[in-house]
Amino acid sequence: MKIGFLGFGKSNRSLLKYLLNHQEAKFFVSEAKTLDGETKKFLEEHSVEYEEGGHTEKLLDCDVVYVSPGIKPDTSMIELLSSRGVKLSTELQFFLDNVDPKKVVGITGTDGKSTATALMYHVLSGRGFKTFLGGNFGTPAVEALEGEYDYYVLEMSSFQLFWSERPYLSNFLVLNISEDHLDWHSSFKEYVDSKLKPAFLQTEGDLFVYNKHIERLRNLEGVRSRKIPFWTDENFATEKELIVRGKKYTLPGNYPYQMRENILAVSVLYMEMFNELESFLELLRDFKPLPHRMEYLGQIDGRHFYNDSKATSTHAVLGALSNFDKVVLIMCGIGKKENYSLFVEKASPKLKHLIMFGEISKELAPFVGKIPHSIVENMEEAFEKAMEVSEKGDVILLSPGGASFDMYENYAKRGEHFREIFKRHGGDEV
């Protein structure tokens with residue numbers, strides 16, 4: 001048997017390492033970029049054939065090809081492999097095929113899925129279960145096969161789910177779905193279908209917790225599992241309270257909107273799994289939200305600074321804006337072919353001033369109209385402009401609405417740069 005890897009990112013690297021120890025086969029790695037010396041050495045030491053700098057028809061000799069999640073469906077090699085009948089799969093699918101589906105908790109959504117995944121891991125671990133945290137978040141799922149766990153909590157991206165043939169799992173949570181990654185998916189429908197794929201594979205004994213608003217995007221009648229919606233009369237959250245199964249619980253802190261949605265969604269799932277919420281609320285007290293997600297940095301001259309660098313869609317930006325009255329907003333990065341006219345219409349009541357830089361400024365600028373706005377070159381200039389147009393008591397929010405790759409390695413590097421500038425300007429950190 002010959003196993004191929006189309007792309008050699010984190011997930012395929014972990015899968016190859018696992019297969020080298022557990023399966024007799026020939027392996028072939030095809031990477032569009034140049035492989036580093038350490039990677040080449042590893043492949044050569046394990047007699048793994050490879051190519052770099054592009055993909056060739058050598059992949060056609062493989063019985064199965066594992067696709068790196070980021071590779072687009074319209075890639076010419078994908079089209080060639082499909083036309084020749086070569087089986088395509090993913091590291092995630094391999095994991096799901098080799099684990100008890102009742103132990104898997106899969107979480108997806110356009111915004112908030114990393115935080116919700118981390119929260120689910122936190123409460124399960126706090127309850128005493130040996131829990132694995134991974135998937136699109138951190139560690140590739142296949143690495144969990146080297147150990148024994150009570151639960152596997154996985155963040156699942158639309159890319160992973162698109163390429164996975166049959167991602168079946170017993171516990172599935174969808175936080176929200178809005179337009180995103182339309183630069184990757186051929187349509188919004190394809191994006192929605194990818195996100196919801198596991199739900200339509202579930203059976204009667206499984207659990208599907210989802211945002212009620214999803215019903216406007218896709219008919220869920222074909223889902224056979226137990227369907228529990230939130231943002232309903234029975235399951236919702238206010239600034240102070242959590243309502244689950246119609247019963248009120250006091251939240252143990254003040255949380256921004258997106259975090260309240262995460263707490264609500266995970267609490268509904270937790271209630272369905274364990275039939276009580278008291279332990280969840282106690283464990284919630286100790287949960288530390290992830291950085292770069294509505295992270296309050298502190299003050300400079302009475303101005304309040306928030307780092308929301310993880311917000312890479314306009315839906316996420318609107319969620320951030322909902323926490324404030326008037327905001328000096330910094331947007332940047334690479335847009336995702338969203339409806340910017342609609343975004344500006346919804347955002348404008350919240351905007352004192354909009355500051356833009358990077359690729360997204362070209363897409364946004366035609367729609368900003370009479371909103372006070374500035375286009376600058378980089379984060380340094382954006383920070384200076386924000387100080388200039390703001391006054392004591394104002395909120396200055398970095399919530400980019402675009403991917404980071406035009407100017408930064410990732411969203412975390414972008415957020416760290418914003419924090420670094422904040423410190424350099426004498427920011428009083430909390």
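The backbone N, Cα and C atoms fix where each Cβ goes, glycine too.
Listed in Swiss-Prot:
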type    : residues                                               : note
BINDING : Gly109, Thr110, Asp111, Gly112, Lys113, Ser114, Thr115 : ATP binding site
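Projection of Swiss-Prot feature records onto the structure.
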residue	record	contacts (Cβ under 8 Å, 6+ apart)
Gly109	ATP binding site	Ala116, Leu173, Val174, Leu175, Asn176, Ile177, Lys195, Asn211
Thr110	ATP binding site	Leu175, Asn176, Ile177, Ser178, Asp180, Lys195, Ser313, His315, Ala316
Asp111	ATP binding site	Leu175, Asn176, Ser178, Gln258, Ala311, Ser313, His315, Ala316, Gly319
Gly112	ATP binding site	Leu175, Asn176, Gln258, Met259, Glu261, Asn262, Arg293
Lys113	ATP binding site	Ile107, Asn136, Phe137, Glu155, Met156, Leu175
Ser114	ATP binding site	Asn136, Phe137, Glu155, Leu290, Arg293, Lys310
Thr115	ATP binding site	Gln258, Met259, Asn262, Pro289, Leu290, Arg293
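For the recorded site, Thr110 (ATP binding site), the DSSP three-state label reads coil. Taking the mean position of the Cβ atoms of Gly109, Thr110, Asp111, Gly112, Lys113, Ser114, Thr115 as the ATP site, the remaining same-chain residues with a Cβ inside 8 Å of that point are Ala116, Leu175, Asn176, Gln258, Asn262.
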